[in-house]
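For reference, the structure is listed below as structure tokens.
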Amino acid sequence: MADYLISGGTSYVPDDGLTAQQLFNCGDGLTYNDFLILPGYIDFTADQVDLTSALTKKITLKTPLVSSPMDTVTEAGMAIAMALTGGIGFIHHNCTPEFQANEVRKVKKYEQGFITDPVVLSPKDRVRDVFEAKARHGFCGIPITDTGRMGSRLVGIISSRDIDFLKEEEHDCFLEEIMTKREDLVVAPAGITLKEANEILQRSKKGKLPIVNEDDELVAIIARTDLKKNRDYPLASKDAKKQLLCGAAIGTHEDDKYRLDLLAQAGVDVVVLDSSQGNSIFQINMIKYIKDKYPNLQVIGGNVVTAAQAKNLIDAGVDALRVGMGSGSICITQEVLACGRPQATAVYKVSEYARRFGVPVIADGGIQNVGHIAKALALGASTVMMGSLLAATTEAPGEYFFSDGIRLKKYRGMGSLDAMDKHLSSQNRYFSEADKIKVAQGVSGAVQDKGSIHKFVPYLIAGIQHSCQDIGAKSLTQVRAMMYSGELKFEKRTSSAQVEGGVHSLHSYEKRLF
């Protein structure tokens, strides 16, 4: 009975757990599996949790998810899918500058508000020109002007309905013979708002709505497919022109200035300086060059894992920092070069420093599951960059293959000999371009099929929301505020605790995540 007679009353609650400062000031390097977050009080549903996060000083995303600039992870297909689901993708640079810029262009053209530079043909162009345009751009709703250029008089439009049933011998017909004539078109006047134009397009039941000035000259066009995308993807990441956001990676060498120019012309929103060790004079000079030439272009520096590294890049003018060195599943930098830092410690230390300057942090590497994402965000990261977690999705580059009956896709580190042999950009990332003997800092492997991003990312989003609910925070901003104030508590896990926290004591089981 005496055990129940301890004084203090019902208001007494013993201090429990560790603050983030206490957890990470012990001198040990910790990674995501080494600790847990202690739960809080729930008075809201998971779907009320706001995941809005800062990617950079000027770019905000509705979900804190970013795809890595790796040649087996992010090209246009992945970047489009990530932007539609509220994140952003970074096109890799292990390719020619022209290829990379074209991938960015595909993302920026995928969804638009007012399209001010559409494909335009003239009445004297032929049907085969429409099929060529369709093969190149993926659509065939093409306005026809008297000169075949924007800014000249609109005379008609060609749609799939005009050409679907034409025979091969009719492909030499002039477009003026088969196009929908101007008098049969629904158009809107220049100066109309996008909302008003969309309403006209909905009522018209047409595929395209040309926008013309008082002289009947074509100045823009809007598409019904974009209306449907707006409806189907309410979280989509877009710029001021209603185009999808897109990032791209570049290096820090003189040749990368040409690549930068092509990317800027393609409309890239943000560039990440892709280096395994970002605290270099080469990166500092490149940051200053970009900020001088393209002051409105957002620049992400990295990779860094210490406050001292971060300071130099912040002083140079970066808009965000990428944190991680040697923690990726395909990275062997820590093993080979003895440099790096366990990822949880790196994220906390850099985030705690960078927040004083309003610089967001991207946690890059070591993410194996949705719990790791939640932990990275709780340690101060604004967004999380993923490579292996998104590899082998439908939208990732590469073809599927089968091994022992399992459907796989290739996945490799940019420091692997495979990637270095493909293009010089991978060597530049690891300062290896002049080496006679290449020192691999990554490996090549394969990852099991995960299905489409459009199913996988919503699962990740729901998982993060449920994690925030268990913590007792209605937003990621609140999670970070609780962490820095000491309200959010953590606890170290022993190896036995980690075993207990996983699946155990079963003869067999099936682990289905979504």
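Heads up, the Cβ atoms here are built off N, Cα and C, so glycines get one too.
As the structure is a computational prediction, the values presented were derived from the model and not from experiment.
Features reported for this protein in Swiss-Prot:
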DOMAIN    114-173  domain 'CBS 1'
MOD_RES   Ser122  phosphoserine
MOD_RES   Ser160  phosphoserine
DOMAIN    179-237  domain 'CBS 2'
CROSSLNK  Lys195  SUMO2 cross-link
CROSSLNK  Lys208  SUMO2 cross-link
BINDING   Ser329, Asp364, Gly365, Gly366, Gly387, Ser388, Tyr411, Arg412, Gly413, Met414, Gly415, Gln441  IMP binding site
MOD_RES   Tyr400  phosphotyrosine
MOD_RES   Ser416  phosphoserine
CROSSLNK  Lys438  SUMO2 cross-link
MOD_RES   Lys511  N6-acetyllysine
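Note on Ser160 (phosphoserine): other Cβ atoms within 10 Å of its Cβ, all shown chains, come to 12. Long-range C-beta contacts of the residue listed as 'N6-acetyllysine', restricted to its own chain and to partners at least six residues apart, with a cutoff below 8 Å, comprise Val503. Of the recorded residues, Gly387 (IMP binding site) and Lys195 (SUMO2 cross-link) place their C-alpha atoms 37 Å from one another. Ranked by Cβ neighbours within 10 A across all protein chains shown, the recorded sites Lys195, Lys208 are led by Lys208.
The secondary structure of Tyr411 (IMP binding site), as reduced to three states from DSSP, is extended strand. Taking Ser122, Gly365, Tyr411 as the recorded positions under consideration, the smallest Cα distance to Lys195 (SUMO2 cross-link) is found for Ser122. Between the listed binding-site residues, namely Gly365, Gly387, Tyr411, the fewest other CB atoms within 10 angstroms of a CB are found at Tyr411. Comparing local CB density within 10 A for the modified residues Ser122, Tyr400, the maximum falls on Ser122. Annotation note: Lys208 (SUMO2 cross-link) sits in a strand segment as assigned by DSSP.
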